[in-house]
Every structure is written in C-alpha cells, then in structure tokens.
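Peer 1: My questions all concern the structure below.
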C-alpha cells in the first residue's frame, strides 16, 4: 500500500485492519493446515479418498451456513460478541477433532470447526466494510489478503512438519492454540465497528433483509462469480495432495514445500491487484481471472491426453489458479457487499453462504464421480469459468441499464 493510501487509514482503522487480517488468516488456515496429512489420515481412518476430500467440503459448508446466523446477529448485537462466540466454538471443535479416528465423527467435528471458523471469514469482510467501502475496500482487502494468502503458503508446510514430527492430530491442536491467541487479541484490542445497528432480529425481518439483498442483480451475479472462483480453488486444494503424493510419489514434507512454492503466485497476484483495479476496474479483473482458469483447464487436459503430465507440468498447469482466485473472489466480494449499509451483515451472510455452498456442492459432486482426478479437475476449470463469463456479461448489461435509468430519472427531475 502506498504512503498516500496508508494515510487514509486512521490509527483506529489501522488497528482494526491488522486484527481483521489475523482473524481471516486463521479462518483460512483451518482449510489448509491439514492438506499434507490427507493421505495419511485416509489410511488411519480406513476410508476412501472421496470421503477424506469431503472433510474440506464439509468444513466449507459449515463456514457458509454459519454466516447466515453470524451476519444478521452481528447487525443487532454488534460484531465483537459474535466473533468471540464463533472463535470459542472453533477452538472446542479443533480439540475434539484431534481425538477422533473414525471418519463419521471426524466429519461432524470438521463441520463444527467450519461453523466456528465461519465467523472469521464472514465477519472479517463485514468488519472491514464497516470502515472502508467501494474501491477503497477492494484495495485494502487486497493488501489484507496479501498477508492472509500466507495461510495457503504456510498451511501445508506447517501441517507437513507437524505430521512428520507428531502425527496428524497435532495440526488441530496447533489450530486450537492459535485461535485461542486471536480470541484474546480481539477481546482486548478490537473496538466495536457496527455503527448502523438494525435492532429488529425477528425471523421474518431477517428473511426480509435476505430478500432485499437478493433483489440486487449485481450482488447475485458477483456472489455467484465468487462461488465459481472459490469452487475452482478448493478443487485444487482437495485434489493436489492425492495427485502429488499418490500419483507422483511426493512425500508429505516435499508436498508442503512444493505447494508453498506454487502458492507464491497468490502473493504476487494480490500485490498486483490494486494497480490493476485502478487501471482496468474490477469487472475486467474478474473476466481475466475466468480466462486464466479456462487456460489452466485446457492445459491440464492437453498434457494428460498426450500422456506427458509430470509433477512439474501439473504444477505449471494449476499455477494460474492462484491468480484467478485473487482476481475473481476479491473483486466480486467488494462488488457484492459495498452497496449496503444497515443490511451489510445480511449481505455478508448471503454472500458467504452462497459462495461456500456453491464450492461445497461442486466439490461434493466432483468427488462422487469416478475417473481420472486430473481430467475432472481440468474439465471443471473449463465448464465453471465459461458460466462465469456469462455472468460477467449479464453484470455489464445490468450496469448499463442502471446507468440509463438513472440518466432518464435525472432528466425527468430536471
């Protein structure tokens, strides 16, 4: 962030942004820290690859579902008590998960982990949008996620270290410890940011708020686009441990470091995004992310079809996924939530649920299909972004219609 942009943040805003960054980092780490251990956990729990992969999907579904509760409740009671409650749930679920060796109870614990960690993902966006909006939100968010992207880089490295030294259970104990730390920091240092409280929490009014949010066509399209970006990214995280460790023979430790190396693209893309937004705008960046995904999928299918797919070729083919995730999800998040004020919690709730539910549905459906994991991954990277390009076109048409309507209304008033 430039010195001029930093000057736009007050001391209080900068403190909130720093705490939100740590909060989001730990929320995302819950997905990534045990990736290196997935094949080992599959053997320990005597289950199948698809069931083990579903531990990621179930976690994400818990994240999305909980947002429907956290968002509206935080509109009434404030962000702070809701964040603290979610963190306590996540801490308890991680400690319980470390004691389980059966896939059924473990998936239940993962769902509860998602419910608790969902407060980090859902309310971090809402807390940020309480203090910055519009392109300022997108630019600030890109710098926040430049750091939080380290969860994807460091998660598999930390997880592989804990796996080889202490066993897969240590990953969840470490997560519980870090969540306890951010709980203490948030409780002591973060002020309440919700200054537009909506005191009516009756179920009828909650659903009325959801309905009002869903009437906004830009919100709906942007949320679906974010879901596509998230689904494609999660497909990589769920598939890569098995492809790289079982198909190409990488050790868990080497998998962690290789994943960290490829994930550096996430940090590069997030450092470039503010400049690209100022120059090209958010809709164009979303389209670019979708095109990158299609290119990744095509390359995967071609190399696999020619039977020349190697570890390096696979990693090269999926490297663009990290750029596309940044361009699509961050821009779509800003476009979906920024238009709202008193319904920002409801907007964040619907956004988070829809994004995670779509990722859960897509990954669950793909995991049930039999066939080559690389082929399924490549085909998904073509089909889903193609649908996303249609949504981008629809958003542009809606924007033009809104502009024409506003112009005509202004002429009528004058």
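Quick reminder: no glycine exception, Cβ is built from N, Cα and C everywhere.
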Peer 1: Write down the single range among 198-218, 219-239 that appears in TrEMBL as transmembrane segment.
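Peer 2: My reading of TrEMBL: the transmembrane segment range is 219-239.
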Peer 1: Among 51-70, 82-100, 106-128, 254-273, 372-392, which stretch has the most Cβ pairs under 8 Å to the transmembrane segment (285-306)?
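Peer 2: Out of the listed stretches, 372-392 contacts the transmembrane segment (285-306) most.
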Peer 1: Please work out whether the transmembrane segment (168-189) lies in contact with the transmembrane segment (346-366), by counting C-beta pairs under 8 angstroms that are 6 or more apart in sequence and asking whether there are at least 3.
Peer 2: no
Peer 1: Within the domain 'Major facilitator superfamily (MFS) profile' (16-396), what mean pLDDT does the predicted structure show?
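Peer 2: Overall, the domain 'Major facilitator superfamily (MFS) profile' (16-396) comes to a mean pLDDT of 86.
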Peer 1: Which sequence positions outside the transmembrane segment (106-128), separated from its termini by at least 6 residues, show Cβ-Cβ distances below 8 Å to it?
Peer 2: 16-17, 20, 23-24, 26-28, 30, 45, 51, 54-55, 58-67, 70-71, 74, 79, 82-83, 85-94, 96-97, 100, 137, 140-141, 144, 179, 193, 333, 337, 344-345, 348-349, 351-352
Peer 1: Quick one: do the transmembrane segment (12-31) and the transmembrane segment (312-334) have at least 3 Cβ pairs under 8 Å, skipping pairs fewer than 6 apart in sequence?
Peer 2: no
